[in-house]
Amino acid sequence: MATDTSQGELVHPKALPLIVGAQLIHADKLGEKVEDSTMPIRRTVNSTRETPPKSKLAEGEEEKPEPDISSEESVSTVEEQENETPPATSSEAEQPKGEPENEEKEENKSSEETKKDEKDQSKEKEKKVKKTIPSWATLSASQLARAQKQTPMASSPRPKMDAILTEAIKACFQKSGASVVAIRKYIIHKYPSLELERRGYLLKQALKRELNRGVIKQVKGKGASGSFVVVQKSRKTPQKSRNRKNRSSAVDPEPQVKLEDVLPLAFTRLCEPKEASYSLIRKYVSQYYPKLRVDIRPQLLKNALQRAVERGQLEQITGKGASGTFQLKKSGEKPLLGGSLMEYAILSAIAAMNEPKTCSTTALKKYVLENHPGTNSNYQMHLLKKTLQKCEKNGWMEQISGKGFSGTFQLCFPYYPSPGVLFPKKEPDDSRDEDEDEDESSEEDSEDEEPPPKRRLQKKTPAKSPGKAASVKQRGSKPAPKVSAAQRGKARPLPKKAPPKAKTPAKKTRPSSTVIKKPSGGSSKKPATSARKEVKLPGKGKSTMKKSFRVKK
């Protein structure tokens, strides 16, 4: 008992609050158990459960520095703490279980919404990115194949496989028909986007379809080998179709030109400044002006470019000599370059091969109203706006600056028009210049050939003057003996033959000698001189008449 009293006396001042606290904790535990059984929902809301651990921590802190506390009390307090912790942990564990479920649901919803938004954005991008190759684009075979592979949709002018097959059979037709090998080569060369080398089944399917329809007939072989011929249709059906076409064309008005086809030409004409490199100029001139023979004689083009730069008709931006890029100079709206065929070729080459082709909407509006006014100007502007939007969606054009129906646009595909399309009004002038050049060259050739006849005329003209008549007579008398000598040589055999006939008396020989003398050289001289006298008699007569008139006066 002494130990108990001593312990009680020692512990009394500080142990009482601990004991009271332990009792209160037991009461709280009992209350919590009842609440757990009856009202589980309120547990999550109550914040009183979080307070006991703080008091426990404070008590523990107070207990640590006091080594004199009895072992029983310490054991009881430890047991109480252990009993207190599990409900708190269970309640705390239950709280986060409900929260993550709500958080997971919210995260799922947000992720679904973001996915939907991303899908919508991707769809919109796909709609904007979808590109087609326009009919006006000037691309080589390799460029066309690359563009068709890159774009999701094939170019619009490409026909279907059945039409391609009939076209290939007609193109490769021979006496024994068109072979499958020739058809395949033709399609691969002309339509590389089909990739027939890798997808040969397309040709087989098309052959089978056309054979079943009766459009094609197999002349040799079996299956997808051999040769084929296009079956000719009866003559009655095409006549009917022609008549229908004629009627429809007579009734229907002529379709207006689409602005889609007009805009590329407008871009090439309105784009400023116009410049092109020497290689592009040479390529264009050799293609559309074969008469100039630029491939064989490139020095002509180089000299023409250097001459134009010296005159101030062109400006050399880069390079030296005939290399680099050249820019057109203008006086107002008209270019300074022009005149000869070579200069006109350079002008059209720079205007056509200028890249990139850009144009403002104000210039486009002005161009359309001047060249394609239509019935209503407001409606035409509305059509222009719609066509620009359509071209931008298809990927034919790109808006560089501005928004909507303002700013500047740029062509996304190359467009190199021929000189006839680019400057249609200047073609006849060029042809006239060519004709004039040809006429001048022909005149020069004729002048080179004409000088000898002019000398003959110079000899004949002085004979008309009466003062020089004597000199002409002398000249004319000189060649006369030559002619008479030739005639004498011919006339000599006649008198040789005559003597054997003339064996009659001498009386008859005299007249024969006189007769023979007349057709001899003397006779040949007399007609020439007499003719000359007859030609010049009127001249003498005129002179005598003039003298007589003077005498009378």
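Glycine is treated like the rest: Cβ placed from N, Cα and C.
The candidates are K97, K125, K525; Swiss-Prot tags K97 with the feature SUMO2 cross-link. S142 is the residue among S142, S176, S340 that Swiss-Prot describes as phosphoserine. Range 255-259 is the one annotated as motif 'PxVxL motif', of 55-59, 255-259, 325-329 (source: Swiss-Prot).
Looking up the ranges 140-159, 380-399 in Swiss-Prot, the one annotated as region 'Disordered' turns out to be 140-159. In Swiss-Prot, the entry for phosphoserine among S6, S135, S225, S277 corresponds to S6. Per-residue confidence over the motif 'PxVxL motif' (255-259) averages 68 (mean pLDDT, predicted model).
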